[in-house]
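J.: Heads up, here are the entries from Swiss-Prot:
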- 1-13: compositional bias 'Basic and acidic residues' (COMPBIAS)
- 1-92: region 'Disordered' (REGION)
- 44-55: compositional bias 'Acidic residues' (COMPBIAS)
- 71-86: compositional bias 'Basic residues' (COMPBIAS)
- H217, H326: substrate binding site (BINDING)
- D238, D249, E446: divalent metal cation 1 binding site (BINDING)
- D249, H318, E351, E446: divalent metal cation 2 binding site (BINDING)
Amino acid sequence: MGSKTPNDHRRGPNVESSPHAAIDTINPPKHAAASGLLHGPLEGETEDGEDEDDDKTGADLKSVGQLNNSTKKKNKRKKNKKKKKTLLGGLQTTPPRVALSSIFYDQRYPEAEIVGYTTNNDNLQRITAEEFRHLCVVNDMDDEFLNDYRKAAEVHRQVRQYVQTITKPGIAMSQLAQEIEDGVRALTDHQGIETGDALKAGMAFPTGLCLNNIGAHWTPNPGAKEVILQYDDVLKVDFGVHVNGRIVDSAYTMAFNPVYDDLLTAVKAATNTGLKEAGIDARIDCISEAIQEVMESYEVELNRKIIPVKAVRNITGHNILRYKIHGDKQVPFVKTHTNQRMEEGDIFAIETFGSTGKAYLDDDIGIYGYFCDEHASAAGLHHSSAKSLLKTIKDNFGTLVFSRRYLERLGVKSYHLGMRSLVSKGIVQSYAPLVDVPGSYVAQFEHTVLLRPNCKEVISRGDDY
């Protein structure tokens, strides 16, 4: 989910970088069996884990008749046990609706892409104050932290890989959003209906389904006109999954007309460049320049015109905090002046947006979602509807971004007046859709990366992108 660039964002001098080097993967992606999606007995074992050779002990002491009877009994016993192999325990359904806790029996979720750090001489100087400030974050990177993140990432992978198979011209945006959100809630095993349940696990923010020149922050809203996917559309799918507030934010773009292939290739390459350059002590301005250099080396031919792919200037990648999709650091896609560095323990959403238009996104009409200030107080609110709505928001979403669709799913009614009051008081912030000029096309790719002490883990990486 893109973070809008602040008004004082400035462009700066060039910094040399090498964005085209490949990422050295320490451990390649696991197959389904390796990641716990398939379960069965090991070779030479029964379903109960018994070794078949153990039954042979003492066989030479038996008579021939006893051996025959024993063999028949063992064959009969094995035949009955083989029936267990036909059960679907440990397998995912299509569409994915089995909670991951029922698939990964030991509740240990697979690692994502592990990448070793590349040491740069100019990055050896550490800043003691920043180390101290982030010490608590690093200490939180324990087994529970990693397992929560890996579970959220596995949910994201399974849901999106199914959704990609049904995303075709003619499908409604509301159906896609429903499939994604139903899948996430089923796999996390938290439907989010009971008070506070959505804070345990589920959607981290409303599903973003942005077409063509809509760059970010659009989702189907109740009562709005239905939008149907067309063959010539460029669709960006951006959704987040959280487990105990640990948010995985990842996005991809789909297009059916091959004329947009170079646009998608440019943006995907730029995102991978950002992931390669990311690391402990990495300078954010260097990462930004590397991203822009790669993205703007591409062109796309539309209507017999060669159009350069441009990096969007006023939306950025961002760090992620617990229960907060946008932290206090930003990663632009263009050259910039900043002294900020990435630090050990940081979690970043490395995303890039490329456009065939002016590459500057403006607010459009409508509302994508809402975000509640964690320090918000009901003091000063005069409308009872606003007070009641604020309590519902805090109890069910906290600081997670939510949409009108989520409120109505909870059974909240007649909330418009109360919401206007909360927004006007600055207690709740609204997000508008962000658009480039009409007739242009915007693409997006995004991954979440954990900057662990000894390596970085591209937690949302999958076989699809």
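Cβ from N, Cα, C; glycine included.
These numbers come from a predicted model, not from an experiment.
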J.: Tell me, by DSSP, whether H326 (substrate binding site) is helix, strand or coil?
T.: coil
J.: For E351 (divalent metal cation 2 binding site), what residues in its own chain, 6 or more apart in sequence, show a Cβ-Cβ distance under 8 Å?
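T.: E351 (divalent metal cation 2 binding site) has long-range Cβ partners G2, D249, A251, T271, G274, G317, Q444, F445, E446, H447.
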J.: Look at each of the binding-site residues, H217, H318, H326, and point out the one with the fewest other Cβ atoms around it within 10 Å.
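T.: It is H326 that, of the binding-site residues H217, H318, H326, has the fewest other Cβ atoms within 10 Å.
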J.: Name, in the order they occur in the sequence, the residues of the same chain whose CB lies under 8 A from the CB of D238 (divalent metal cation 1 binding site) and which sit 6 or more residues away.
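T.: M1, G2, T207, G208, C210, A216, D249, S250, A251, Q444, E446 - these are the non-local Cβ neighbours of D238 (divalent metal cation 1 binding site), listed in sequence order.
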J.: Measuring Cα to Cα, how far is H326 (substrate binding site) from H318 (divalent metal cation 2 binding site) in Å?
T.: 6
J.: For divalent metal cation 1, what surrounds D238, D249, E446 with a Cβ no more than 8 Å from their Cβ centroid?
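T.: Near the divalent metal cation 1 site, beyond D238, D249, E446, sit M1, G2, G208, F239, G240, S250, A251, A349, E351, Q444, H447, T448.
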J.: Taking 8 Å from the centroid of the Cβ atoms of D249, H318, E351, E446 as the cut-off, which other residues in that chain fall inside it around the divalent metal cation 2 site?
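T.: Apart from D249, H318, E351, E446, the close residues are M1, G2, S3, D238, S250, A251, G317, I320, F348, A349, I350, H447, T448.
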J.: Tell me, if you would, which residue among D249, E446 (binding-site residues) has the fewest other CB atoms within 10 Å in the structure shown?
T.: E446
J.: For H318 (divalent metal cation 2 binding site) and H217 (substrate binding site), what Cα-Cα distance in Å is obtained after rounding to a whole number?
T.: 15
J.: On the three-state reduction of DSSP, what should I expect for H217 (substrate binding site)?
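T.: The three-state answer is coil.
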